[in-house]
Structures are given as structure tokens and as C-alpha cells.
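Just below is one structure, and these are the notes that go with it.
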Amino acid sequence: GAGADNDLYINQAIVFIEDAIQYRSINHRVDSKSLWLYRWYYSRTCQWILSLTITVILALAFIEEPSSLTVTSDVRYRLPAWNPPCGLTESIELLCFLVFVVDVSVKSYLIGWKEFWKNKWLMAFILTLIVSLTDWIVSLSFFCKESVRIRRILRPFFLLQNSSMMKKTLKSINSTLPEMASVVLLLAVHLSLFTMFAMLLFARTKDNQQDKEWVVYFRNLPESLTSLLVLLTTANNPDVMIPAYSKNRAYSIFFILFTVLGNLFLMNLLTAIIYNQFRGYLLKSVQSSLFRRRLGIRAAFEVLSSLKETPASAQQSCVSIGALLQVLQKAEMDSRCKQAIMRSLKMCSCDQLSAAQFQKLFEELDKDAIKQHPPSPEYQSHFMQKMQFAFGHPYFGYLGNVVALANIISICVVLVMDADKQPSERDDFFLGAINCFFILYYLLEMLLKILAMGLKRYLSYPSNRFDGLLTVILLILEIATFAVYGFPHPGWRPEFMGLLSLWDMVRLVNMLIVFRFLRIIPNMKFMALVVTTLLDLVKNLRAFAGILVVVFYAFAITGIMLFKGAVVPLGNTRILKQSSQGAEFTGSCTSFSIKKVVVLYFKEKNVIAWYSAHFQAEVIYCLLHVLSVHLIYRWAKIYFVAWWLISSVIWVNLFIALLLENFIHKWDRRCQRESLSDIEYQRTVELMFRDVLEEPTEEELMEKLHQHPHLQLCR
């Protein structure tokens, strides 16, 4: 009936608006059951379970063999790590796989069969699950003894496919790769040419004493290329040029030219290209997000205009305010935006909204999040008004900064004076006294600010919350110090008592005082701009941090599998155990033990008696181990060069590009917007480019809506 149709249209509008808020695609099923399943899938509980599952399956690497559950990472001293029994981590993995199977099944059903074949991410998700489950079965059939587990490398994909922003970022990076490849190719040509020059310049001569450069760095083509590649990272500078420079100062010209061309020109050129290209592709990605938002809002308008209560005589489609209020009450959206839209609706004099009015209402989603501070208390007393003016004035804050600076200087003076003293010679009276004085001032300053501003207004400023929290902690520590050790006096050196010694407590207090000095940042506009830029990167660029986790995780798991057993700690094994009965092999091969075996076998074989063929077989095993380690070392270069290219060359430059973009955007807005002390603006990645985005046209929106695979519009 008409009532059931109206309920369906209302639910469709709710889902479309929620899609617009989250920049989600609207190309999914829109029948009643599918809408219920869709909202359940994107509910906080369901998404929290999915995020927890991804976290658990990624964290399994820390307890799987080789386990990382040890206090120290030094393999010479750490105790044997606990390795879980076969089947424990595999059972947890299976539960995670079942959650992912449900995840991909729900996604595939909701978008429909036709859209499924167009979605490469979902197909890759299914393929990853199939490979992972196959590898899981193989692992159990070998009783968890296999050394290669392909599914461990594939785990970061689950994190990647669950974030739309990470997928957009990865797509942008992929689009930028051709331009980056041109500069990387130029770097390769630069390396190759200078490698040839180096091999010709530092060729072997008859004088072995003068051939140190050739012996250590330029013996052959792979070693020469590696030496210059490492020089490009400045990791072996100036070591690589010292032998040649000791022979002739003119050789330094070669290394200077290589460094200037490679580091100052080519690497910075790569940064410039990445900044220029990636900004363009990220802008396109944000533009598509804006189109999704506008499309979702327009889809909500179209389905609401199909309600039976809409007047049939209307020449153009319109939506009743009552229907929109009903949708807003049920939709999951930010309370600030919801209240702003409802206020606009109450101020509207008409009963029906056109498409343009409907779209304009939801432009509230695109605005900066504005936080307005509560008003200060109004005092009737003239004396209290003067107090409020004095202690609420910015100059009172500046005075507090000067006092904090004086506190830091006094701590530095005491630390310099006591730097060479033994703990028994140190007198903590002066440091304890000045700490007591400054902490009392900080407490008085906090109370006077609360008096002038009111508690709510005081706590509404992040700098005040930071300042007040540290002041309270300092006061508690100071009271605890006095309670345990008494008040400061000359020769104040009590013995160790309680949880911390006096010096430990004083150091802790002073570290917090130094940390408290960061309160000056909001008062220095340029420094505040830099800090807010960094904070915005931390808050808004989670997608980049996620891809960085993916890269680190994949390379870490690959490195564990590639280099397992390649290096054995020297302090854990010995290869020979001399006894009255001869030499006996007792341990695995290390770099020290291999050398010892080679010396014994080749230089002293006429002296040492070989009592068993088993020992000789072990020696041959060690020699083969030498060859395998040498082979691994050569191939390891490819692994580490790939890691350097991805993490240092590409990823660091991408981060620099986004840092520059965020900083330039904030700097431009700072120049345009007048400073308002009572208002704070909070930006997101989408809002960074809001000023240069193009609004989609009416024709583009309607054409896209008519292509919806599951939605049939009336017009």
C-alpha cells in the first residue's frame, strides 16, 4: 500500500543521506531487507567487530614463530621466547577468516552481481581469502612446521580494503608512479654512469697499499653500485671517500659531484614532481568524493519527492519539510550538522523544498567544524570585574610564559652545576626550593584564570587543559615528596624510601616542568601554525599511516621468511669443544665458528686429528652455510633497495608533499581569515581542497542517478 511505499522511500532517503555523509557509493540494493542489512553492516558495532578482527589477525605475527614476546631484543641475552602450540594461532586465524567471509559475502550481495564484476577490490578480497585458506590448510597438514606462510604477507590487504580513503590514496599513488618512474630512471642512469667512472678511476694497481678504495668499495660492479647507492643515502659518507682522499685530495671532486647531482638535484626534483602530480591526483580523488556526497543528497531528494503526500499539482519535484524532519531524526549524523539543518528548516517560511533548497541545506556538511567557547562569568562587584580584566588579559598569560622560562633557566643552571657531582655529593635543596616556588605560582595562576574565565571557559581551551593537568600532577608529586622526605633544607639528601628516591621524584617533576613550557606555543602564531599543521596531519591523514603500516608489515614478514637462520648470534653457540678425545662439533654455524672451521681445515689439518667422519660432514655443512649466506647477502641487496625505494624515496616524498600542501593551505587561510579568539576551526582532508573543488551540474547528477542499477526513478 501507500504506507509501505512511503516507509520504503523514507528508509531509502535515510540510507542515501548516511552514504553522502560518509562519501559512500549509492550503487547498492535499495529494497527493505537490503536496506536493513546495509545499515546493520555499517553500524558502529559491526564496523568495530570488523576493525577488531583486522587488528587481531595483524597482531598474530607478534606471537607466531619467531615470537617477539621477549623483554630484550638482543638475541645474545634474551630467554627463549614462548611459541604457541600448533593450532592455537591457526584457530584464531580461522575465526578471523570466517568474519572476512561474512564481510565479503554481505558486500557482494548488497552491490549486486553486475556491480560485483566491476569491483576489482572485492574480487581481490575473495582471491586473498582463497589463497589464505589454502595456505592455512597446508600449514595444518604439515603440523605448523613449514617455513613459508604466504597468508602472513597477505594479511595487510585486509586493512587496506577496509578503508575507502586508503584505497583512494593508493589509487592516487598508482597514478603518480609513471612520473616518479622517470626520475627514478634518471637516478639509475646517474648511478650507472658514476659506477663506471668509479671502476675506471679506482682500478686495481700494482701497489696493494694504494688500492684500499678498490679493495673495500669498488672491487667489482655489484659492490661499486652498492657503495654509490649507499652514498646516495649519505649512510657511508665520508667513509667511502676516505681511502681515495688519503691518496689524493683531487679524488674528492668525484664524490662531491656525485652527491651534488644525486642528492641536491635529482632527489629534490623527485620531491617536486611527487608534490605536483600527487596533489593533482589527490584533488581528483577529493572531487569524486564531493560528487558522491552531492549524488547521495540528490538521490535522497528524488526518493522523498516520490512520497504520496507530495502535491500532484507541483510543476517541479519538491519535498515536504515534515518528511525531511522524519528522515533527519532517524539518520546517523553529527549532532552539530543535524541541529544546524533543523534550525534552517524552522526558519524556512515554505512547506515544500525544491532540489536547490534541499541541496543547500546539506551544505552544512561541508562547512568547518566550529567550536565556540562559553562566555566568561559576569561579576556584579567592581573589584571582581577589575580582577577579571587583569587576570583574563593576554598579558597575564605572557607573564606566565616568562615565569615558565625562568623556571627552565634555573633548572638548566642547577643541572650544569651538578653535572659532575656524585649522587652522595649532590645537594637537592636549591632545586627543591625553586620547584616549590614555581609550582605554587603555577597553581595560583591556574586558580586566578579560572576565577577570571570561569571553569567551563577555562576548560574549553586545549592549552588550558594541558596547563592545568600538568599543574595538578606537579602539585601531587610535590606533596608526595614533602610527605616522604620532608620540606627542603640545606643538605637535603635522604636515603631511598618508598617507590622512588628523592632524586627520581625531583627529576620527574623537572621533566614535567620542561614539558609544561610547551604552553608558549599558542602565543607564538607561526609556531602555533606549524604545530596545528602537524596535528592535522596526525588526525586527518590516517590513510597514509595505514598504508605505511601495510608496507612495514609486508616487508617485515618477507624479511623474516627470507633471512630466517641466515645470522646466528655469536654468543649463543660454539662450534668446537676441545677435549682429550679430540675435536667434536657441538653447535650451529656462526660467522666466528665458520671462520674457525675454515682455519682448522685448511691451515692446521696436519695438526688436528679428525676422529670421525661425522665431524668432517659437519664442517662441510658449515662451508655450505658460508656459501648460502654469501648468496643470501647478494640477493638481500634487492630486498633492501626495494625497501629504500618504497619507504624512503617514494613514501617520505609523498609525506613531504602532503605536509607542504597542508601548511600552504593553512598559511593562505591565515592570511585571509581574521583572528577570532573565541572560535576554533577544525579541518579535514576533504575540506583542505574545498575552495578549488567544482560543484557537479544538475545534468551530471541526474544522468548518474538514472544509471543506478537498483533504483527506478519516477522521472
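Heads up, the Cβ atoms here are built off N, Cα and C, so glycines get one too.
Transmembrane segment is the annotation TrEMBL gives to one range among 45-63, 615-633, and that range is 45-63.
Proximity of the transmembrane segment (543-563) to the transmembrane segment (469-488) is not established, fewer than 3 Cβ-Cβ distances being under 8 Å for residue pairs spaced 6 or more apart. For the transmembrane segment (469-488), the most Cβ-contacting stretch among 92-110, 253-275, 395-417, 429-448, 638-660 is 429-448 (pairs under 8 Å).
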